[in-house]
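What Swiss-Prot annotates here:
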- 32-52: transmembrane segment (TRANSMEM)
- 54-74: transmembrane segment (TRANSMEM)
- 102-122: transmembrane segment (TRANSMEM)
- 126-146: transmembrane segment (TRANSMEM)
- 172-192: transmembrane segment (TRANSMEM)
- 212-232: transmembrane segment (TRANSMEM)
Amino acid sequence: MIYDFLLSLGFISRIPINIKVKAFEVRVKRLPIYFPLVGYIPGILFFFGGSFENFLLKILFLILGYYFFDLFHFDGFLDTLDGFLNQSSKEKRLEIMSKGDVGPFAVFFGTLYVVVFWTLYLEIPPITFIYSSVFGRYSMNLLMFFSKPAKKTGLGALFFPFQKKNLLFSSFFLLPLLFSMKYFFISYVVTVVFSYLMSIVSNSKIGGVTGDVLGGACLMTNGLLLVVLGVV
């Protein structure tokens with residue numbers, strides 16, 4: 001369990017994990033189980049940052065959370081926006097996403113996301129960041145459960161065929177968040193609904209999901225939950 005968790009941590013963050021992997025193609029399909037568990041780490045960083053009154057400490061924890069975790073998904077978020085909002089064929093959208101060039105859609109919505117995140121970081125209860133970070137990573141499992149790979153290569157394709165039992169196993173890591181039934185219920189419903197809708201959109205745009213889409217969905221769910229939990 002610890003071995004797989006560390007591999008999962010290294011897979012969806014910038015934290016270097018130097019572990020020799022045996023039977024990689026088999027083991028990598030188990031990694032999504034631990035995605036929600038990984039989400040507790042940036043969630044706790046943002047929680048502490050939001051709890052401190054000192055402005056410099058707020059900045060420090062924000063940088064740590066983004067540098068080691070959220071920036072990893074922010075890249076996918078930007079690529080997904082540029083690809084999905086481009087009025088062209090599925091093949092062209094996939095090409096745009098694979099190139100990774102930052103286009104106007106990515107610049108605008110990426111900037112908007114950061115501004116909204118920063119505003120909420122200063123205003124809403126810090127505990128909401130734990131919920132949003134954990135459920136944001138959980139959304140990647142839901143998206144894989146609902147969808148299929150858009151192409152046969154790439155990081156996203158490694159997890160397919162997605163083992164349905166992994167969704168159940170990963171759900172156990174949500175249980176500590178039951179201490180607030182209201183936040184848990186809202187987070188769960190929003191995450192499931194958004195992930196399902198995202199799978200429909202992604203299938204329509206590019207014929208499935210990619211690693212960029214998974215990362216983008218994680219960040220979109222994260223931001224959406226912060227907005228929703230911040231107003232309830």
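Heads up, the Cβ atoms here are built off N, Cα and C, so glycines get one too.
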Other parts of the chain folded back onto the transmembrane segment (212-232), taken as Cβ under 8 Å at six or more residues beyond its ends: 12, 70, 72-81, 83, 97, 113, 116-117, 120, 123-125, 128-129, 131-133, 135-137, 139-140, 143-144, 150, 155-156, 182-183, 186-187, 190-191, 194-195, 198, 202, 206
Tertiary contacts of the transmembrane segment (126-146) (same chain, 6+ residues out, Cβ under 8 Å): 12, 32, 35-36, 38-44, 46-51, 69, 73, 120, 159-160, 162, 164, 166-167, 170-171, 173-174, 177, 180, 183-184, 187-188, 190-192, 194-196, 198-199, 202, 209, 213-215, 217-219, 221-223, 225-226, 229-230
Tertiary contacts of the transmembrane segment (32-52), as residues 6+ beyond its ends and Cβ separation under 8 Å: 4-5, 8-9, 12-13, 58-62, 64-65, 68-70, 121-122, 124-127, 129-138, 140-141, 144, 159, 162, 166, 169-171, 173-174
Tertiary contacts of the transmembrane segment (172-192) (same chain, 6+ residues out, Cβ under 8 Å): 34, 36-37, 40, 127-128, 130-132, 134-136, 138-139, 142, 221, 224-225, 228-229, 232
